[in-house]
Amino acid sequence: MINLRKTHPLMKIINHSFIDLPAPSNISAWWNFGSLLGVCLVIQILTGLFLAMHYTSDTLTAFSSVAHICRDVNYGWLIRNLHANGASMFFMCLFLHVGRGIYYGSYLYKETWNIGVILLLTVMATAFVGYVLPWGQMSFWGATVITNLLSAIPYIGTTLAEWIWGGFAVDKATLTRFFAFHFILPFIIMALVMVHLLFLHETGSNNPSGINPDSDKIPFHPYYTIKDALGLMILLLVLLSLALFSPDSLGDPDNFSPANPLNTPPHIKPEWYFLFAYAILRSIPNKLGGVLALLASILILLIIPLLHTANQRSMMFRPVSQTLFWILTANLITLTWIGGQPVEQPFIIIGQLASILYFTLILVLMPLAGMFENYMLEPKR
């Protein structure tokens, strides 16, 4: 009998992507996050679909429709908690996935890396518009503050902000269009994921050593399907623990109050996964400058391949670059902490120093470290 998975036009694509795919024999658990992100996306789309069946995108009923989902819909509380905490798991996996790419030099597959950065931006946009939908206090004021940043763009800013709002402030039109965006974007993300995988399979996976693994490849199934299954179990354990035991621990208490344009919360802040960028935005006392720094903090990932100066691809055998990488990690954690603090001393100066260090590490210190390591590894007479 002819093996169907090797002959059927559709099964053949799946076979070459997930079953008979030649994979390096030495890839570590840091390579699990790609498949985990795929699982997160599927969980978010499925839970989101069921939430959309009961949600109403109207300023008068949005908040109560979310309450209705949690109180009256069968397992609605679970679906909502999985969706809200699934977003946190999604971003945790995303940050670890990007960090792995930087540490092991995966960014030198430029097409895959660039699509990945576009994916990151798209997921961030999706999460932002999704956070507005429950129409609580922090949803409303978060939407107001972030969309207001568009007005910092010279000449067209105010017109652009009002165009996004569909009026002169965040209101019914804004909520309706944000729901439309939040529904369509995950499907765009799915398409981009396919392009991401297409480019990845053109070159094959990188590996911890950073050297060409062509001489030693193994089939993806069963070796890495089993390895990914372990990661999946851990992901589901953490997600279910969060959703069942502590579903509101990552949310903001202000979002339990319905949106009120007449009452501003004392501290407006986004979800934890945006706090690092929010801290960079706040560290510059100029509106346009802050917006540019905010954009630069994410878009800087696009130029990382151009800043690679080392002769070795991976940081595995580069202790100076490793040290700088972990300083960058600690710096991002510091920025995340600062983003959640009120705008007062000493948090202002800590945020400004951490923001300067963030850009200095990526643009100056890491390329210099690569050049220094090249020099140290040159044979001396």
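Even glycines carry a Cβ here, placed using N, Cα and C.
In Swiss-Prot this protein carries:
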BINDING   His83, His182  heme b b562 binding site
BINDING   His97, His196  heme b b566 binding site
BINDING   His201  ubiquinone binding site
TRANSMEM  33-53  transmembrane segment
TRANSMEM  77-98  transmembrane segment
TRANSMEM  113-133  transmembrane segment
TRANSMEM  178-198  transmembrane segment
TRANSMEM  226-246  transmembrane segment
TRANSMEM  288-308  transmembrane segment
TRANSMEM  320-340  transmembrane segment
TRANSMEM  347-367  transmembrane segment
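Swiss-Prot feature annotations superimposed on the structure.
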| residue | record | CB count, 10 Å |
| --- | --- | --- |
| His83 | heme b b562 binding site | 21 |
| His97 | heme b b566 binding site | 20 |
| His182 | heme b b562 binding site | 22 |
| His196 | heme b b566 binding site | 21 |
| His201 | ubiquinone binding site | 14 |
Restricting to the same chain and to residues at least six past its boundaries, which positions have a Cβ under 8 Å from a Cβ of the transmembrane segment (226-246)?
29, 32-33, 35-36, 39-40, 43, 78, 81-82, 85-86, 88-89, 93
In contact by Cβ distance (the transmembrane segment (288-308), the transmembrane segment (320-340); 3 or more pairs under 8 Å):
no
By Cβ distance under 8 Å, which residues at least 6 away from the ends of the transmembrane segment (347-367) in the same chain are close to it?
279-280, 282-284, 293, 296-297, 300, 304, 307-309, 321, 324-325, 327-328, 331-332, 334-335, 338-339, 341
Which bits of the chain, at least 6 residues beyond where the transmembrane segment (33-53) starts or stops, bring a Cβ under 8 A of a Cβ in it?
69, 79-80, 82-83, 86-87, 89-90, 93-94, 96-97, 100, 182-183, 186-187, 189-190, 193, 228, 231-232, 235, 239
For His201 (ubiquinone binding site), name the DSSP secondary structure in the helix/strand/coil scheme.
helix
Tertiary contacts of the transmembrane segment (288-308), as residues 6+ beyond its ends and Cβ separation under 8 Å:
98, 102, 105, 107-108, 110, 113-114, 117, 120-121, 124, 149, 152-154, 276-278, 280-282, 355, 358-359, 362-363, 366-367, 370
Which one is closest to His182 (heme b b562 binding site) in space, judged by CA to CA distance, out of the binding-site residues His97, His196, His201?
His196
Integer Cα-Cα distance in angstrom, His97 (heme b b566 binding site) to the residue listed as 'ubiquinone binding site':
17
